[in-house]
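Scroll down for the structure; my scribbles are underneath it.
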């Protein structure tokens, strides 16, 4: 199961290559796994042939998905195991986790209002008692089924070793108890502890999230050492600052003391914010106005802290996290090799059952036809299956040795080379010439130049019409230009389809993007003509239907601007950067998932601590059309404060606004304004919450994300140095975390695999 420990037993990845040679040349007893005749799941007999195949299928699927093989291997358990990891159940479980997390938007305090500004926010819609509770109990029942199934499949001995499953039981139990308390109080419970528990369900469902969390945990000591140095730096300069800017006899010279260095908490928070550059140069202006020499203090503080210690922290996080992630990936590779080895052993067990002599030859090789049967039943991507089957069919002697069998699954680590369909063949000389011209690379360059010209025309007209009112605008020229370019795009698309054929045209991702937008532009332009007729000078008809003419023209122009992104795949560096971003979105979801967990927990804590702390102004007058224009405020506001800047929508009054506020603090621009406001409206201790969030999000997580972007980009850059733009287009880069560290990974030795197989709790190898 994916929740199993990554490594069990003593694993040595530093083995010398000669050690493998020694094992291969040694006696068969050092490599051969002999099955006990009395073994429960590997007894030799013709009736167990289908069981061997089922076991091999499941072990290979475990290898493909980097799952542990330490689960039950009898017929019924294997059937249940495959159902558990089927797309239906896994998608259903993922949907359940999403639903239980989304309940925070609906529960009291509900986020169902058009604005989060307390001055204009109407009473939000509150769900009736039992609605969200009913949805939640269904989700908890599904989690209980998931927990029961997972626990049964790995067995009691493995269950006791798995801390994640033990915590899973506690999480479900605590959620049910808190749910019962909510119903017993008729849904009038403000402090719902299970809200903090919900993110755990997201964590425990992803093995990569667990690995990432483990890596972060192991990186914390190094991070803590730098943060301790930062704290020392902060405290030292705070003391110097309080001595340097102490209160003097002349009130005119006390501006720095009064605003930023009045007491220890104020001084600490002022310099902490300066460390993030959010209040620079405001914090130094009162002193700098008196004497320019005071700037040296602030420059030394920010120069050493911001540019040295903070960047050193990024380097340490990158180095340490990368090392621990490499160890985790190494363990994943061990799982893959172990699954392949287990499949080979159970298939060789089948071979012994079919051979009366039980010769050693059958122990070290498996039948090709049995391998083909297994590969036909394995759930995997079709192009990998076809590559493996093709290699199997090339074997002529009917058997495959272990080394060759292991080499089959090297196909899983290869790039998928996308072969475009052959071009259609035409008999007409005219069509042949058109095909030759419009399949040429220069046609793409001309198309990009035309798209650039279109964008420049739109930009020119927008600049000329920027100061004109709606009545003064003449959309005739804009429409004529749009019609001309859309007709060109339609002609270009049609001729490309003629040159490449439908399948060939759709085999290019940029053609799909280009064609889809061209079709949308054509539909919109036809709609404009059908609604407002053909354009003519001074063409500005009255609004009809759902959208005015100007709105429809703007929509067309926005699509044209978006269509200009077609140039990205044609420029190598841009294509590389774009593919890096796509891979980050697709394959580094675990890191984003942990960020979701952190946001969720801090948002819930923020609601508990600060809900309703900031109240709206006492007297105001809002226009009947809710335009928020005529507002009278009966209190004075300090310049640069929360109230003067109009930050009212940023609050902890509901879950959605809490998430937005936490994001604004993570960006660190003006984050001291929020900290100051909640300090004034609550207590000084509220700073602990905001500083904790800044350390967690901006210091730790943003640096981790930068490290991952660097690793991903460097990996892709190294691979693409010798590639052309066409190669980038043809190669389906599927960059996973495992592939990023492929060159640094050491293969586990034969002895390690055998040792791990002997420790299998259900296969009973002797």
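Every residue gets a Cβ built from N, Cα and C, even glycine.
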Legend entry - Annotated transmembrane segment segment (source TrEMBL; candidates 393-416, 417-440, 441-464): 441-464
Legend entry - Segment assigned the feature transmembrane segment in TrEMBL (from 223-246, 247-270, 319-342): 223-246
Legend entry - Stated TrEMBL location of transmembrane segment, expressed as one of 191-211, 359-379, 485-505, 590-610: 590-610
Inset, instruction - If TrEMBL is the reference, give me the range from 512-532, 617-637, 638-658 marked as transmembrane segment. - result: 512-532
Inset, instruction - Mind checking which residues of the chain, 6+ beyond the ends of the transmembrane segment (88-106), have their Cβ under 8 Å from one of its Cβ atoms? - result: 112, 127, 131-132, 135-136, 139-140, 142-143, 146, 195, 198-199, 201-202, 205, 596, 600, 603-604, 655-656
